[in-house]
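*Asks:* Below are the structure tokens for one structure; questions will follow.
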Amino acid sequence: MELTHFDEEGRARMVDVSDKAETTRVATARGKVEMQPETLERIRLGQIAKGDVLAVAQVAGIMAAKQTSNVIPMCHPLAITGAKLNFEIVPPGTIEIEGIVKVTGKTGVEMEALTAVSVAALTIYDMCKAIDKTMVIGDIRLMEKTGGKSGHFMREDHIS
């Protein structure tokens, strides 16, 4: 397997996608934040001093997807056509996060979906750290991607 972000001399480069065809590409990523049951209950009841945790995390994740090329050096700036964050509260103390990003373009949106989930999780942590410093962010992974030369990928444990 060839690593495309390095030239013949081993130096980093942004891949030239100018000759690639534009196709519709969608990526889905997931992750989770584990916390004390009391923290999850306070989020559910809207009792966090900084505000509506999931609403803020949702906006933060969407904003992050749009800014991915500013924080991941070899990512291309993309005109994202859709970004969505879903949250599932899983008692006693877990919030599952799903990010879905879509583009019609020459390169995929896997990094944008992963960044959206990561920043949503970090936002949950930030908004709740005053009451729970034991939170754990984890299991951030690509679940599915469609479009582009490499075709369709679906993680075996992906449940739609």
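The backbone N, Cα and C atoms fix where each Cβ goes, and this holds for glycine too.
Whatever TrEMBL says is automated annotation, not expert-curated.
Below, the features straight out of TrEMBL:
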DOMAIN    14-148  domain 'Molybdopterin cofactor biosynthesis C (MoaC)'
BINDING   M74, C75, H76, M111, E112  substrate binding site
ACT_SITE  D126  active site
*Asks:* Below 8 Å Cβ to Cβ and six or more residues apart, same chain only. Which residues does that give for H76 (substrate binding site)?
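*Replies:* Sequence-distant Cβ neighbours: M14, V15, V17, S69, K106, T107.
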*Asks:* Max Cα distance spanning M74, C75, H76, M111, E112 (substrate binders), Å?
*Replies:* 12
*Asks:* E112, D126: which of these recorded positions has the highest Cβ count within 10 Å of its own Cβ?
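*Replies:* Per the Cβ count within 10 Å, the most buried is E112.
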*Asks:* Near M111 (substrate binding site), how many other Cβ atoms are within 10 Å of its Cβ?
*Replies:* 22
*Asks:* Give the helix, strand or coil assignment DSSP yields for C75 (substrate binding site).
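*Replies:* Its secondary structure by DSSP: coil.
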*Asks:* Taking the centroid of the Cβ atoms of M74, C75, H76, M111, E112 as the substrate site, which other residues of that chain lie with their Cβ within 8 Å of it, listed in sequence order?
*Replies:* T68, S69, I72, L78, T107
*Asks:* DSSP on the domain 'Molybdopterin cofactor biosynthesis C (MoaC)' (14-148): how many residues come out helix, how many strand, how many coil?
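*Replies:* The counts are 45 helix, 44 strand, 46 coil.
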*Asks:* Identify, among the binding-site residues M74, C75, the residue whose Cβ has the fewest other Cβ atoms within 10 Å in this structure.
*Replies:* M74
